[in-house]
Amino acid sequence: MAKYSDIKGFVFDLDGVITDTSVFHSQAWHQVADKVGAPWSKELEDGLKGISRMDSLEMILKAGNLQDNYTDEQKVDLATEKNTNYLKLVDQMTPANILPGIKDFLDEIKNGGYLLSLASASKNAPKVLQKLNLTDYFPKIVDPKTLSKGKPDPEIYVKGAELIDLKPEQCIGVEDAAAGVESINAAGETSIGIGDKQILKDADINFEDTSEMTLANIEAQMN
Ligand code: G6P
Ligand code: MG
């Protein structure tokens with residue numbers, strides 16, 4: 001693991017880290033799974049975290065052995081329907097949906113002179129940040145449309161560091177998804193996993209929930 005004193009910036013995931021939208025994604029995908037008759041399970045739900053929209057749909061169809069039952073056009077329709085339902089939930093969001101401790105942590109790192117970028121697979125990230133009144137904290141956002149591969153590939157976290165002109169070793173990546181932690185580690189950054197320690201066992205640092213995330217707690221884990 002890098003030394004705490006080497007760290008100059010943070011690359012953040014959004015859904016499930018900054019806000020509780022991972023629950024909304026799950027809710028909207030569960031509706032799709034029910035519609036196509038694919039089985040829904042905790043494992044599938046966890047495995048979808050961090051995964052792009054179309055890849056998520058493929059995983060759901062595969063769980064029901066249904067991947068060959070839909071044309072590409074029908075798959076796009078299903079993904080669009082999911083997104084419409086997801087956006088209805090996002091529309092009701094307010095800054096109260098920011099997860100505990102996150103606003104304080106963002107202020108702490110900003111005031112500490114650390115750089116900040118966003119590495120979310122979500123094409124809805126700018127809209128979600130706007131609903132949370134957090135747009136000003138994230139002038140640098142990796143555009144998921146520019147990615148050739150999604151998480152767990154390192155590309156998104158490599159780009160997150162590039163956007164703030166830092167080397168991966170100078171960055172900490174923050175994730176709630178196993179695929180995301182894998183992506184951070186493969187990018188050569190220090191990984192923080194937030195949530196189930198069993199699922200996020202490959203993270204360099206684990207926190208049970210966002211309220212534990214402070215610079216002091218991170219420093220204590222790195223030295
Ligand atoms: C994040 C979420 C995933 C979601 C993906 C794409 O990584 O964790 O659950 O599928 O973004 O989001 P989008 O809003 O573009 O469908
Ligand atoms: Mg996430």
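Keep in mind that glycine also has a Cβ here, set from the backbone N, Cα and C atoms.
Note: TrEMBL annotation is automatic and uncurated.
Note that the structure is predicted; figures quoted are calculated from it, not measured.
These come from TrEMBL:
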ACT_SITE  ASP13  active site, nucleophile
ACT_SITE  ASP15  active site, proton donor/acceptor
BINDING   ASP13, ASP15, GLU175, ASP176  Mg(2+) binding site
BINDING   13-15, TRP29, 48-53, SER56, LYS82, 120-124, LYS151  substrate binding site
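Taking the features listed in TrEMBL, we show where each one sits on the structure.
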residue : record                             : contacts (Cβ under 8 Å, 6+ apart)
ASP13   : active site, nucleophile           : GLY50, LEU118, ALA119, SER120, GLY173, VAL174, GLU175, ASP176, ALA177, GLY180
ASP15   : active site, proton donor/acceptor : THR21, SER22, HIS25, LYS49, GLY50, SER120, SER122, VAL128, ASP176
TRP29   : substrate binding site             : GLU45, LEU48, SER56, ILE60, LYS82
ARG53   : substrate binding site             : ALA79, LYS82, ASN83, LYS123
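The binding-site residues in question are GLY50, SER120, LYS123, GLU175, ASP176, and the one with the fewest Cβ neighbours inside 10 Å is LYS123. Checked against ligand 1, the recorded positions ASP15, ARG53, LYS123, GLU175, ASP176 give ASP15, ARG53, LYS123 as the ones with a Cβ under 6 Å from it, listed in sequence order. For ligand 2, none of the binding-site residues lies close by, meaning a CB under 6 A from one of its atoms; the full candidate list was TRP29, ARG53, SER120, LYS123.
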